[in-house]
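What Swiss-Prot says about this one:
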- Cys357, Cys417, Cys420: [4Fe-4S] cluster binding site (BINDING)
- 431-454: region 'Disordered' (REGION)
- 431-441: compositional bias 'Polar residues' (COMPBIAS)
Amino acid sequence: MTSVQQPRTLAEKVWDSHVVVRGTGEGEAREPDLIYIDLHLVHEVTSPQAFDGLRLAGRQVRRPDLTIATEDHNVPTIDIDKPIADPVSRTQVETLRKNCEEFGIRLHPMGDAEQGIVHVVGPQLGLTQPGTTVVCGDSHTSTHGAFGALAMGIGTSEVEHVLATQTLPLRPFRTMAINIDGSLPTGVTSKDVILAVIAKIGTGGGQGYVLEYRGQAVEEMSMEARMTMCNMSIEAGARAGMVAPDETTYAYLKDRPHAPKGQLWDAAVAEWDSLRTDEGAQFDAEVHIDASTLTPFVTWGTNPGQGVPLGADVPDPELMADEEERLAAEKALTYMDLTPGTPMREIPVDTVFVGSCTNGRIEDLRAVADVLRDRKVAAGVTMLIVPGSMRVRAQAESEGLGEIFAAAGAQWRQAGCSMCLGMNPDQLSPGQRCASTSNRNFEGRQGKGGRTHLVSPAVAAATAVRGKLSSPADLAKSVK
C-alpha cells in the first residue's frame, strides 16, 4: 500500500528534491542532510581561502560548469581601466583571477560586458532558475529566491566544501509565510514592503526560517521587485526568502542566455508549475500585512528593523516598553545624531546612493530617472547612481537614462557594489548622512562614521532633489 504524500511548502519541495543523503537522528541530535547545489556564485572577498584549502588538500573544483565568478565588492566604479589603488582590494581581485584560471571557472572581470554584482548577474544571465539550489559566500544570496530557488549565503569553509563536492551539509529549516494581502498603493514599492516586514518581525524574527512571500501584492510584483524583497530576507534573520514561480517568472527568464530552449523550455515550465506550496501545507509561522496600509518607508536607526513610514517622526526611546529595544534605540539615535520627535521628512542628507544588489537593476534606474527628469540634485548633495551590472548600464544608456542622470547633476558610474559597503573607494566620510537604496544601515557600513537611511529608489531620487528625506509626492506638492 503506497503512502499518501503530505502537503508540502515550496521550500520543502525544493529541499526534498536535492537531498543526496538524509541525516539520521531526532531533534538537536539530528545529523544534517547532504544537499546538492545547482549553482555556486563566487566573488573576490570570500573565496581566496576556499581555493587555498583546495590546493592544500590536492582537490579540484567538482563542477566548474556550475560555478561562476564575478568581481564586484572591491572594484572601483570610475577609472576602471586603471590599476586598483587599494592594495588589499587589488590583491583580492588579482587572486580571484588567478584562482579562476587555475581551476577552470568562468569569470566576468572588470570591464567585461557581463561583469557586475553577483546577485544581479546570475538572474540576468538566466542562471538562476525555479526549483534550484543556489549558494554564494555572500549574505544576500537570498535574492535568487525570487525565482522559487532555495538560495543561501554561506561562509568561506562552506564555499570550499561546495567547490570540492558540489554539496553542502545542512539541517532543515522552519518555514514562515509572509502574506502581503491586497494591492500596494501607488508610490509604494517592494523595498517599502520589506522594510515594513522587518520593522514588524524584527531583525531576528526570521531566524532559522525560510520566508515565503505570498499574497496579491507579491503576485502583482515584477521579478525585479521580488528580487529586492527576497534580497533583504537576511535582514530579518532568515536563512532564505522565496516566491513561487509564475508567468511573471517565466516571462523574465525566457530567452535569457542560460535559460532552457525549445522543447527543454516547455518541459522546464511544466516542472516549474509544480513549485507551489500545496493546499493544506503547514507553515511553522505566518505573518499578515495589509498592503493597503503601507506607505514609503525609511530607516532611522542602525539596523534595518529600525524603520518607520516616511510621514512619521523619529521615535522616542522613552515610549518603548521593552528595555532592550529602548537601549538599542538610544544608542542608534546617538550614532545617527537624531532627536526624537523630528519629522523624518525634515532630516537633511549629504549623499544619495542608488545601486547595490537590492536596487541596482534597470527598473530601479527607470524609477530614479522618472523623478530626476527635468529636475536638479539639490545644492550640497552628492548623488551616486551605480548600475548593478554592465548589462544594466548598457540598457540604461540605450534608454537615455544616463543623460537624465547627468543633466540632473548626478554621478553615473560603472558597475559594482560601490557605496553599499566600505570596501571600495565609494565611501562616506565621518558624519555624512546618506539616503541609500542598499540593504544595511549598520554603524560604519558605508564608511567609518557614516550615517545611513535605507530607502526605495524613488524616495532616494526625491531626497536628492529636495535635500531632505522625501517621496516623489513631496516634490509634486512643492510645485503647487
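Placed from the backbone N, Cα and C atoms, the Cβ positions cover glycine too.
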Intrachain neighbours beyond the compositional bias 'Polar residues' (431-441), with Cβ under 8 angstroms and 6 or more residues off its ends: 140, 191, 231-232, 235, 298-299, 301-304, 306, 337, 347-360, 364, 419-421, 447, 449-457, 459-460, 463-464, 469
Counts by DSSP class (helix H/G/I, strand E/B, coil) across the compositional bias 'Polar residues' (431-441): 0 helix, 4 strand, 7 coil
Three-class DSSP secondary structure - Cys417 ([4Fe-4S] cluster binding site): coil
Neighbour tally for Cys417 ([4Fe-4S] cluster binding site), based on other Cβ positions within 10 Å of its Cβ: 29
Sorted by sequence, non-Cys357, Cys417, Cys420 residues with Cβ within 8 Å of centre, [4Fe-4S] cluster: Asp72, His73, Ile117, His140, Gly355, Ser356, Thr358, Gly360, Gly388, Gly416, Ser418, Leu421, Ser438, Asn439
Same chain, 6+ residues apart, C-beta under 8 Å of the C-beta of Cys420 ([4Fe-4S] cluster binding site), given in sequence order: Phe353, Gly355, Ser356, Cys357, Thr358, Ser436, Ser438, Asn439, Arg440, Arg445, Gln446
Other C-beta atoms that fall within 10 angstroms of the C-beta of Cys357 ([4Fe-4S] cluster binding site): 29
